[in-house]
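Okay, so here's the structure we're looking at.
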Amino acid sequence: MTLSGKPAALLVGTLKHAHKEWEALGKYAELKTYSDGTREDFLAKCKTEFQNVKAICRTYNSKFYMGIFDKEIIDNLPPSVKFICHLGAGYETVDVAACTARGIQVSHVPKAVDDATADVGIFLMLGALRGFNQGIFELHKNNWNANCKPSHDPEGKTLGILGLGGIGKTMAKRARAFDMKIVYHNRTPLPEEEAEGAEFVSFDDLLAKSDVLSLNLPLNAHTRHIIGKPEFQKMKRGIVIVNTARGAVMDEAALVEALDEGIVYSAGLDVFEEEPKIHPGLLENEKVILLPHLGTNSLETQYKMECAVLMNVKNGIVNDSLPNLVPEQRGDIE
């Protein structure tokens, strides 16, 4: 406990919108912030002014000045830390295994991102199918409709979704408006009433049947490079790839090769394997639509995410438990 008799909550990084909600947490906890600095400085403060911190709210932007929450960081957190609340749906920048070993619960923000990320997925799918990026390239070169070949409509195509979670379900719901057939693959099939009209198929059938493949699964040890050269060889020639998940679920070099060979017709990508670095073969390909990780970059969604993560912090402080535990700590992933 602090001198005030309250446990402390530490914000690592910055909030853009939910400042009043953060201040309101002061009713339950002494509020501390770490909005810039270095990894070494943070580790030093863990031995001094962060000693009474019970819950940490970690934003994605903190990785740019102090790195990820890896085993080194986790092992040096004060013994008082019981909860880490990550601001984001993807949480690969937190070493969950190290947290579990120390008895630290980890939460993420899964539902608040669903609509915005699915919207970006639909945008990328339509743009890649219709070849819009080539038209954009030509206009920037002051060429009107030059070299723009006929493209493809979404109607009647099969959309394959790898990872029918919240974002995948929302993607399926939106895609139905385009009269697409929807198939999906999860490690475990969903009850029919939860699948948004999508048909469960095996992983190999997903690759073989899809005209468009949307990647909507988290990045972990099981999913890293789940799409690579062997998987591209099993796909329909002329498939469209959409990735709004994490770049490293797909082998970027293998994607470039598949594009060059004509296996992949086009791709729409919001995430990359080594952000902010992008494979030159993607940058040079006019048929590929690239966005700089804008999936949740809307005012409304950012506010929802920040409110959700602060609610997780409040639950940790007040109720001594976290909602929205990451799947590994719920036992969903071994």
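Numbers here mean position along the shown chain, with the first residue as 1.
For all residues, glycine too, the Cβ spot is worked out from N, Cα and C.
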Task: Candidate from ASP153, ASP260, ASP270, ASP320 that Swiss-Prot assigns to the same NAD(+) site as GLY166, ILE167, THR244, ALA245, ARG246, HIS293, LEU294, GLY295, THR296 - done: ASP270
Task: active-site residues (ARG246, HIS293), the one with most neighbouring Cβ atoms at 10 Å - done: ARG246
Open item on the list: What whole-number value in Å do you get for the largest C-alpha pair distance within GLY166, ILE167, THR244, ALA245, ARG246, ASP270, HIS293, LEU294, GLY295, THR296, the residues recorded as binding NAD(+)?
Closed with: 18
Task: Inter-residue Cα distance where the pair is HIS293 (active site, proton donor) and ARG246 (active site), in Å - done: 9
Task: Cα-to-Cα gap, THR244 (NAD(+) binding site) vs HIS293 (active site, proton donor), nearest whole Å - done: 8
- [ ] Give me the Cα-Cα distance between GLU275 (active site) and HIS293 (active site, proton donor), rounded to a whole Å.
- [x] 9
Task: Per DSSP, three-state class assigned to GLY295 (NAD(+) binding site) - done: coil
